[in-house]
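Swiss-Prot has this to say about the protein:
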BINDING   His193, Glu274  Fe cation binding site
Amino acid sequence: MNTNKIGVLLANLGTPDEPTTPAVKRYLKQFLSDPRVIDLPKFKWQFILNYMILSKRSPKVAKLYREIWTEQGSPLLAISRQQQQALQDYFNRQNQNVLVELGMSYGNPSIESATDRLIKAGVSKIIVLPLYPQYSSTTTASVLDAFARGLTQQRNIVPFEFIHSYHNDPLYIQALANTIQLAEDEKLLFSFHGIPKRYQTEGDFYPEHCQQTAQLVADKLSLTDEQWLVTYQSRFGDEEWLQPYTDETLETLPSQGVKKIAVICAGFSADCLETLEEIAEENKENFLNAGGQSYRYIPALNANTDHINALAKLIEAKI
């Protein structure tokens, strides 16, 4: 063990290995089998998942992935690699003995394998940074579960720090604000990934974090209450999810006199299928077809300098 080397584990959701039906099916099976994501009784849910959902959804989702796939592969993985390298470069410039690894809750590279690489490199401490600014049991807690699994075969568990959330971190808020320049008569819509309403009732304070993030950004930009709103996207299944829903809101705004909209997905640290296809394409078409005149998607923070600096400072506070 190198007593001076610090390990950093960047963690995100994950992606299929390739945009094919078999690869997407494997990915969705792992993702949707996580009880943190879907907490229905296991036997009942596995029957529904294997015999009703995967066969229908996998080809459709694979087609959507093919539309956003790049030469570097999945946008989420490519951008996450850029974030990993940018943070490694940052710590190298600071002459800090820090090793940054990347792991995904589902798919490759896994959080378990990233944890193993850090331990084999001899780090004396691991700082786990889930790239989810707003805590949720469906995302952040899944990272903790996977990290714990990565330690199960270790005789010596090194000390670790787990960054729970950073929804109100000043540098993160400033990084978001720096990407937003509203045009005249343009309304700002914060679209966060949804979760079942029941999860909030049972104690998940994710929606509170989302509202706080949006309010802080709006305050930073000196926006009035009429200039912005919060919605939730990507609902799945028949259960009620957090509302208002992004798609329904965008379809009704033009009839309420809102003709110009800018959409930012502040909970996504990297652009992915949900932002590049669902928000930037599908919902744009719906808004314009409903009578909207201008629709602008503001990209995720990805590997931009302000974002990397904000993440680096979060990590440095734990070193």
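Cβ from N, Cα, C; glycine included.
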Which of His193, Glu274 has the fewest nearby Cβ atoms, counting only those within 10 Å, among these binding-site residues?
Glu274
Reduced to three states, what secondary structure does DSSP give His193 (Fe cation binding site)?
strand
